[in-house]
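Just below is one structure, and these are the notes that go with it.
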Amino acid sequence: MKRIAVLTSGGDAPGMNAAIRAVVRQAISEGMEVFGIYDGYAGMVAGEIHPLDAASVGDIISRGGTFLHSARYPEFAQLEGQLKGIEQLKKHGIEGVVVIGGDGSYHGAMRLTEHGFPAIGLPGTIDNDIVGTDFTIGFDTAVTTAMDAIDKIRDTSSSHRRTFVIEVMGRNAGDIALWAGIATGADEIIIPEAGFKMEDIVASIKAGYECGKKHNIIVLAEGVMSAAEFGQKLKEAGDTSDLRVTELGHIQRGGSPTARDRVLASRMGTHAVKLLKEGIGGVAVGIRNEKMVENPILGTAEEGALFSLTAEGKIVVNNPHKADIELSSLNKSLS
């Protein structure tokens, strides 16, 4: 394989630039030409395919977002869209593609491989909801951003003896809420994978203030409901505390990636090029126990929920490549 391309698709994630940089520099070291596909699959169909060199990716390892830009392009799920994209790949002599994104991006990579263009998927999403990898590119940065914001909110919450419901991102997965909640000593962590009773939370808030607590921090995954709706339900269930709600929003998708995300992205990008060099396609790169691994894209893109909660309070990880997480009481005070 002499000529490959790289694209980013779907929602952006800190560390994508580091992954692109690794792909480009490893490809050059392997004697390959590398092209950047701008604007994801939409750019592929439109022919926005341009050569990249070492200088193209200089000084981007510390930058958030993706300099190749990203876009959602549902039309690529249809055969017509796929054939248009393949026509452009052939026109530019592309023999393999590295796709950085989430599960929707993986479906596109799977289609490319089926049409004879080996594609490698790299898990680029802050949600950490990709099967077959312990961590995704961008997750660590998103958790760190959420942690920093929650720490600041705790300060003002304590000053005014307030209850805060803080909504974090994650789509249908509760990973960001779980990690950020534990890291900040949140009083409650509400995630889609675990049930909760509103009256129990109200009782916990009341008991906390009665014993002298100066604040109450509830970290809520967006996949459960919005912070505004959750706050309203708290009041309907009898909460009388001074309540505020905050949605952290897209701040979690931006910013300079952490060292962990930069290194993870660099390792994954390098590994992807080595696989393409060997003519391997149709796989997604992951990390398990700090080692690079590959999983079939088909299974990776089509698995269901990553973990669920048993009646005993144990989180069972449906993804066999993630370690079980033991929490004695997920929705009790962790502070």
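Keep in mind that glycine also has a Cβ here, set from the backbone N, Cα and C atoms.
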Binding-site annotation, Swiss-Prot, substrate: partner of T125, I126, D127, M169, G170, R171, E222, R244, H250, I251, Q252, R253 in R162, R260: R162
Need one residue: from R63, R154, the one Swiss-Prot lists with R21, A22, V23, V24, R25, G185, A186, D187, K213, K214, H215 for ADP. R154
Determine which of G11, G15, G174 appears in Swiss-Prot for the same ATP site as R72, Y73, G102, D103, G104, S105. G11
Residue among binding-site residues R25, Y73, G102, S105, G185 with Cα closest to the Cα of R244 (substrate binding site): G185
Out of R21, R25, R72, R171, R253, which of these binding-site residues shows the lowest number of other CB atoms within 10 Å of its CB? R72
Give me the sequence-ordered set of same-chain residues, not including G11, R72, Y73, G102, D103, G104, S105, with a C-beta within 8 angstroms of the centroid of the ATP site's C-beta atoms. S9, G10, G40, G101, G108
So the record assigns T125, I126, D127, R162, M169, G170, R171, E222, R244, H250, I251, Q252, R253 to substrate. If I measure every Cα pair among those residues, what is the longest distance in angstrom, as a whole number? 33
Let me make sure I understand the structure: which of the binding-site residues listed (K214, R244) has the fewest other Cβ atoms within 10 A of its Cβ? K214
Specify the secondary structure state of R171 (substrate binding site) as given by DSSP, simplified to three classes. coil
Residues R21, A22, V23, V24, R25, R154, G185, A186, D187, K213, K214, H215 [recorded ADP binders]: greatest CA to CA distance in Å: 53
